[in-house]
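Look at Swiss-Prot and you will find 1-48, 113-120, 184-205, 315-331 tagged as topological domain 'Extracellular', backed by sequence analysis. Marked as N-linked glycosylation site by Swiss-Prot: ASN18, ASN27, ASN33. Among the features that Swiss-Prot reports, transmembrane segment is placed at 49-69, 92-112, 121-141, 163-183, 206-226, 294-314, 332-352, with the record citing sequence analysis. Feature annotation from Swiss-Prot assigns topological domain 'Cytoplasmic' to 70-91, 142-162, 227-293, 353-397; the stated evidence is sequence analysis. The disulfide bond annotation in Swiss-Prot covers CYS118-CYS194, and the record cites similarity to another entry as its basis.
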Amino acid sequence: MRYITTHPNEISTQIWNNFSSTEIWSNFSAAKNETQPIRRNQDLANAEVITLAVVIIITVIGNSIVLITLFQRRKKLTRMHLFILHLSVTDLFVAFFNNLPQMIWDITFLFLGTDLLCRLVTYLQSVAMYASSYVLVATAIDRYFAICHPLSSHKWTTARVHVMVFIAWMLSFLFSTPQLFIWSMQFSNIGLTCQATFDPEWTLKFYITWLTVAIWILPTIALTLFYGMMCFAVWKRGRSTLGSSRTRNRSFLTNRVSTRIGQSHLARGFSEEDMEGQSVNYNRGISRAKVRSVALTLSVVACCFICWSPFFVCQMWAAWDENAPYSGAIYTILLLLSSLNSCTNPWIYMIFSVFQHRAKTSRFVNDEETTSVTVLSSRNDIRLMSMKKKLEQTARN
């Protein structure tokens, strides 16, 4: 998404060009009221276009695989699966309505379209940025209730997931409406193109600051709070579960010894072991699933923060510092990092899916081995009891 400073009497294209294929210099001299001609670094422009094309291809392929996989198991989707689905849709929206128009714009240098198309393109680019953050926040809220308030979370239906995501998208469309009035087709020192108008000049600083706060700072604070509380809850529950597990094991061993002394092992010992084993496995399964979902979304959030931080830092720097190095290869690379977020998310989902499959396979094998050992032990106990009864009968006779 582009931000171009427009002064009341003269045009300076010094700020910004997100995903820009153009490296623009416009050294405006207020004293002489002169503007130097704009030069374009074609090599850097070509590199940016190629980078955006690769990002778009990887984003479409990765998220399409995720959506196809979820569609195949659509009858067994959990709430977490639904949020992954919505995150993938958001990434595709970024690819088609943010990265793709920007790549075309970078190729043509000037915006080739009508005034309505200019406003619509920049509006949808802003919507994509808001939605990427707000859908992540909605996912964090769901995971927070699943971990910290499991009883109330069980009452949540899939419809509530869609409502939360719908609210996130509506806020994105609402907060992006200023784009429809800021951007328009205008004549500048590079020709007729789509550019923003900020008059008076302080409105540029205000608008960029608002975008940074609404898209990056506030969502980051919310995500930090939610995941901080979740990690604390998991840690606290892990300690309590470990203590209760040790207590159950001691209690079970005591019952097992007592049954060997004076009670029937088949009537009590084996059945208690079976029930206890199922209970422990059940609790562990839920805990592992929740922790895994938290780790998954936390990885996505961390990736989002890493990719978007340089972009917003550069935006704020350029808005508030007139001497900011707003051009050059390094600055352009930092801006391009934000485009990587939409193409990395699906691969994070796939990696966690592979680890989940391996964990289930390993747990299944361990359960089979445990069951076999338990059955053999029970059979040996039965044989010993049978031999003991025979010896007692022989002694009586």
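Placed from the backbone N, Cα and C atoms, the Cβ positions cover glycine too.
The transmembrane segment (92-112) shares more Cβ pairs under 8 Å with 49-69 than with any other stretch in the list 49-69, 163-183, 206-226, 294-314. Most Cβ pairs under 8 Å to the transmembrane segment (206-226), among the stretches 121-141, 163-183, 332-352, belong to 121-141.
Tertiary proximity for the topological domain 'Cytoplasmic' (70-91) is limited to same-chain residues at least six positions away from its ends with a CB under 8 Å from its CB atoms, namely 59, 63, 128, 131-132, 135-136, 138-139, 142-143, 146, 156, 158, 161-162, 165, 293, 296-297, 300, 341-343, 345-346, 349. Over the topological domain 'Cytoplasmic' (70-91) the predicted model carries a mean pLDDT of 89. Classification of CYS118 (disulfide bond) by DSSP places it within a helix. Ranked by number of Cβ pairs under 8 Å to the transmembrane segment (49-69), the listed stretches 121-141, 163-183, 294-314, 332-352 are led by 332-352. For the topological domain 'Cytoplasmic' (70-91), DSSP puts the residue distribution at 19 helix, 0 strand, 3 coil. Residues 179-180, 183-185, 194 of the same chain lie 6 or more positions beyond the ends of the topological domain 'Extracellular' (113-120) yet place their CB under 8 Å from a CB of it.
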